[in-house]
Amino acid sequence: MVRLEKKDPLMLARQLPLKSVALILAGGRGTRLKDLTATRAKPAVHFGGKFRIIDFALSNCINSGIRRIGVITQYQSHTLVQHIQRGWSFFSEEMNEFVDLLPAQQRVHGETWYRGTADAVTQNLDIIRRYKAEYVVILAGDHIYKQDYSRMLIDHVEKGARCTVACLPVPVAEARAFGVMAVDENSKVIDFVEKPANPPSMPCDDTKALASMGIYIFDADYLYELLEEDDENESSSHDFGKDIIPKVTYSGEAYAHPFPLSCVQSDPNAEPYWRDVGTLEAYWKANLDLASVTPELDMYDQDWPIRTHMESLPPAKFVQDRSGSHGMTLNSLVSGGCIISGSVVVQSVLFPRVRVNSFCNIDSAVLLPDVWVGRSCRLRRCIIDRACVIPEGMVIGENAEEDARRFYRSEEGIVLVTRDMLARLSA
């Protein structure tokens, strides 16, 4: 591929996204979220009071100037597809802008679905080639972060890389869940191990390991060549982290891109924000952090908005019930269509159309859309799934044994409540 001559960074920031296509891998099940992903893919899980997890990757693309996007789906895709069709249909076909939905179709390899993340792209190569992009940006659809991909594209081009991997230091104890890399003084990746049992630490800090974020930029022709070779390799697991990136590393073609260089944040002195909300505790904690006085993730940055499907809902309402009890909230996010009647909500996140009846106390809870809470309930350190009806007088989050018997209780004490669990109680 012909390299661009050295140009002004602002010019490159405008040009490179137009030469790129983003592919969002959104077919993951998210098994560590337990029953929260029983009926939806992890990227379709609600987050932050009104969003879905995939909205962050999609918004990053739009804000970075990338308006050619493919979303690769597989597991429980209906909710995700519906959300994208309703909330992300504003692209201009005349301007060659689009969000293409690329579901698993069992088009090759007999009856198999996608065999891995790399195979998910391989099975759609005929479509992807038609985009005629010079650069392909591979993204995971299940992380919470704000990143300017145009800055990473500039880094990719200026280094003369054929593959660039976004990376971030993480505690060694957490690095087992990531691909871990080593780099030289020129940011070339010299070693890469996917999810090692004993992650190697960084030379400059033995408490941290340099982790891959699952965000890659490839020269398009180089990526197609790699995927075609991988497809013919019967011993491959057809995964970017396990197969493609190690191969690129050992051929000397991979470079690292430090996430702080392209992370978008209001406070330049703050730690770069990136979360894998793949466990119930991580999901619960990341939601509640948004309700704090100074959240780590700034959702109010008008220069980098997070977009989503906007429903026509009335404002949230806090009312006094007939007994004189006031509906009150503190340090919480309360979305449109919610009604809090004579109850107290503290340090919680309420998604649209939640109804909390009188004499309730809700503390450190995440209530997904359409939850109905009966009178005199107490909810603490819990996640209530969509459309659950909490019976009058129910107490959740105060008795560990009772919570574990009736619902799912994590080792950290976070209680997940779903409609099926409630139905079993009344059976």
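Glycine is no exception: its Cβ is also placed from the backbone N, Cα and C atoms.
Non-local contacts of ARG40 (AMP binding site) by the CB criterion (under 8 A, 6+ apart in sequence, same chain) comprise GLN76, THR79, LEU80. In the three-state DSSP classification, ARG40 (AMP binding site) falls within coil. The annotation AMP binding site is assigned in Swiss-Prot to ARG40, HIS46, ARG52, ARG130, ARG386 on the grounds of sequence analysis.
The C-beta environment of GLY179 (alpha-D-glucose 1-phosphate binding site), restricted to residues of the same chain at least 6 apart in sequence and closer than 8 Å, consists of PHE192, VAL193, GLU194, LYS195, ALA211, SER212, GLY214, GLY241, ILE245. According to Swiss-Prot, the feature alpha-D-glucose 1-phosphate binding site maps to TYR114, GLY179, GLU194, LYS195, SER212, an assignment based on sequence analysis.
Between the alpha carbons (Cα) of ARG386 (AMP binding site) and TYR114 (alpha-D-glucose 1-phosphate binding site) lies a span of roughly 29 Å.
Neighbour count (other Cβ atoms within 10 Å of the Cβ, all protein chains): 10 for ARG130 (AMP binding site). On its own chain, ARG52 (AMP binding site) has PRO43, ALA44, VAL45, HIS46, LEU80, HIS83, THR308 as residues at least 6 apart in sequence with a Cβ closer than 8 Å to its own Cβ.
Straight-line distance linking the Cα atoms of ARG130 (AMP binding site) and TYR114 (alpha-D-glucose 1-phosphate binding site), rounded to a whole number, equals 21 Å.
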